[in-house]
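Chemist: Pasting the relevant annotations from TrEMBL:
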TRANSMEM  45-62  transmembrane segment
TRANSMEM  68-86  transmembrane segment
TRANSMEM  107-128  transmembrane segment
TRANSMEM  134-153  transmembrane segment
TRANSMEM  217-237  transmembrane segment
TRANSMEM  243-260  transmembrane segment
Amino acid sequence: MDSVLETSGGGRPRNIEEPLNIAVVHPVSRALLPLAVKLRIPPNAISVSGIGFGIVAAWAYFHYEAPAMALAGFAAMLAWHVCDGLDGMTARATGRTSDFGRFLDGFCDYSVYIMVYLSLAFSAADYVGIEVSLPLAIAAGAAHIVQAAWYELQREVFIRRSAGQPGLAPRKTVGGALERGYDRLQAKMMPGLHARDAALAADPALRARYVEALRPVLSAAAILGASGRTLAILIACLAGSPLWYWLWEIFGLSLAAIFIERARRAREAAL
């Protein structure tokens, strides 16, 4: 049980974390944390600064056909990931976590991807036509939203249950229609959540079996994390076309999410 709760530095268990976060993003975020605390930089300001790196990434990826520009776009997105990790670390270290900060963090994350997807769509239009590139980018974005909502929900539920808490904590909706829509989407993804919470709370042995059974599922689900997408975008651009990434997002990651969800349900049912 203790090993499940060993964190990677980003506030999440190391053994379900994304490899790129463990290797690069969280170590850099941790190294910058003392400076952020010393300078009293607001966590929300760090979140917003990530959008600046997103703008740089979008500009660089517009010229993705040049390998150096694709690498520059990747580097800018890595810098955004560092900000995305640092804002939460700073908030926890200074006691400034908030519902608005949580919403802003997610809003900034999606803003970066929207900019990069659109930049790639308009750049690829020179080769395949906007009538092909833009619909593919939009379809990939829609798949991304559903996959990310599922992944974030499963990860939050697992982490909280591992700590002996209910799968979802009550939280205030501060993001208006955007957040309400996102919450409704997630609510449809895990029916029976509260009944399972009650069973786990009443039986510590069952909770221990749950953690052991679901850990490999959550580890596999890391393929749906944000840093994996960032790496996949780079690989597709270096291979010559962002269309490879959009096909991976639409078909590859969607199939992965379906199979992982089936495995999760089967393992929970077998407890």
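Keep in mind that glycine also has a Cβ here, set from the backbone N, Cα and C atoms.
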Chemist: What residues in the same chain, six or more past the boundaries of the transmembrane segment (107-128), come closer than 8 Å to it by Cβ-Cβ distance?
Modeler: 47-48, 50-51, 53-55, 57-59, 61-65, 73, 77, 80, 84, 134, 136-137, 140-141, 144-145, 175, 178, 226, 229, 233, 237, 241-243, 245
Chemist: Ranking 45-62, 68-86, 217-237, 243-260 by the number of C-beta pairs under 8 Å to the transmembrane segment (134-153), which range is first?
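Modeler: Going through each listed stretch, the top one turns out to be 243-260.
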